[in-house]
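Read through the structure below, which is laid out as structure tokens, and then see the notes.
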Amino acid sequence: MPIGDYELHKEIGKGAFSVVFLVTEKKTKKQWAMKIIDKKSSSKAALETEIEIMKKVDHPNIVKMHEYFESTDKIYLVVELVTGGPLFDRIVDKKSFTEKEAKLITQQLLQSLVYLHSIGIVHRDLKPENLLLKTPTDLTVALSDFGLSKIVGDDVFMKTTCGTPSYVAPEVLNNISNSPTAYSDAVDMWGVGVITYILLCGFPPFYSEDIRKLFESILSASYDFPNDYWGNVSKEAKHFINCLLTVEPTKRYSAKQALEHPWIIENNQTQPLPHWNDQIKKYMVIRRKESQKFGAELVWKPQAQTTNVKPTK
């Protein structure tokens with residue numbers, strides 16, 4: 001189906017290598033989101049993988065693809081329109097935020113990852129910008145952007161260096177300075193830990209304007225729970241994060257294990273998190289400055305192919 005079958009409206013999103021428009025399908029009058037990707041800015045293999053993944057996935061907490069087509073220099077992905085906007089853009093406007101709300105968001109993310117990992121898909125770029133809300137009125141999450149994702153099998157493990165620095169797992173960073181070592185879907189679980197930490201206090205566990213210091217803190221999992229911001233957060237929540245921000249990937253909780261953690265199953269704390277609103281606003285300013293400063297450098301594109309090797313235990 002050519003682009004002429006759609007009426008383009010306003011731009012609703014922009015990434016390092018793509019632009020997203022609100023569109024209406026002329027025949028059905030239904031609205032969709034159209035992601036337009038410049039072929040010159042992305043590798044052919046990466047684009048093919050993203051399309052293959054989008055065709056394959058079907059889960060209530062993952063943005064669903066309607067169809068795709070291409071021109072000489074562009075790829076067009078027509079996907080489900082989610083109208084709630086990026087998660088953090090929405091919650092930054094809330095006057096208060098509770099541990100229960102953070103749990104419900106994390107739970108939905110975990111459900112999407114249990115599904116993805118069960119069919120051999122690793123997202124590899126979990127960050128707040130890739131978590132969208134389906135409607136403006138609730139906190140139903142939809143995971144998006146599979147541009148760096150990979151399909152893996154039992155005997156295929158990743159060695160490429162990609163992701164977003166503040167959220168990337170230690171084993172991925174190790175591939176920059178050391179001989180590449182294999183890693184698995186555990187990289188996604190580190191991202192869940194970082195996102196959950198931010199949801200509960202409004203700032204990230206790892207941050208430095210000096211990227212070398214940032215990497216050092218990630219590689220050693222140097223983070224804490226400052227009492228001024230974490231004093232009212234449950235011990236179960238802290239334990240949950242500790243189980244995910246574990247340097248050794250084989251000791252890190254899987255998506256299924258995390259979904260069965262007591263914090264996810266039992267937590268119902270509705271007391272507003274202290275200082276949360278001020279901190280999340282400050283963090284959003286920092287994220288925007290990072291994007292302006294680094295631009296595409298915030299995302300590492302794959303620089304090697306997956307390899308048929310077993311991971312080192």
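Cβ coordinates come from backbone N, Cα and C, glycine included.
What you are looking at is a predicted structure, and each value in this text was computed from that prediction instead of being measured.
Taken verbatim from Swiss-Prot:
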- D125: active site, proton acceptor (ACT_SITE)
- I12, G13, K14, G15, A16, F17, S18, V19, V20, K35: ATP binding site (BINDING)
- 6-264: domain 'Protein kinase' (DOMAIN)
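A map of Swiss-Prot features onto the structure.
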| residue | record | CB count, 10 Å |
| --- | --- | --- |
| I12 | ATP binding site | 16 |
| K14 | ATP binding site | 9 |
| S18 | ATP binding site | 19 |
| V20 | ATP binding site | 20 |
| D125 | active site, proton acceptor | 22 |
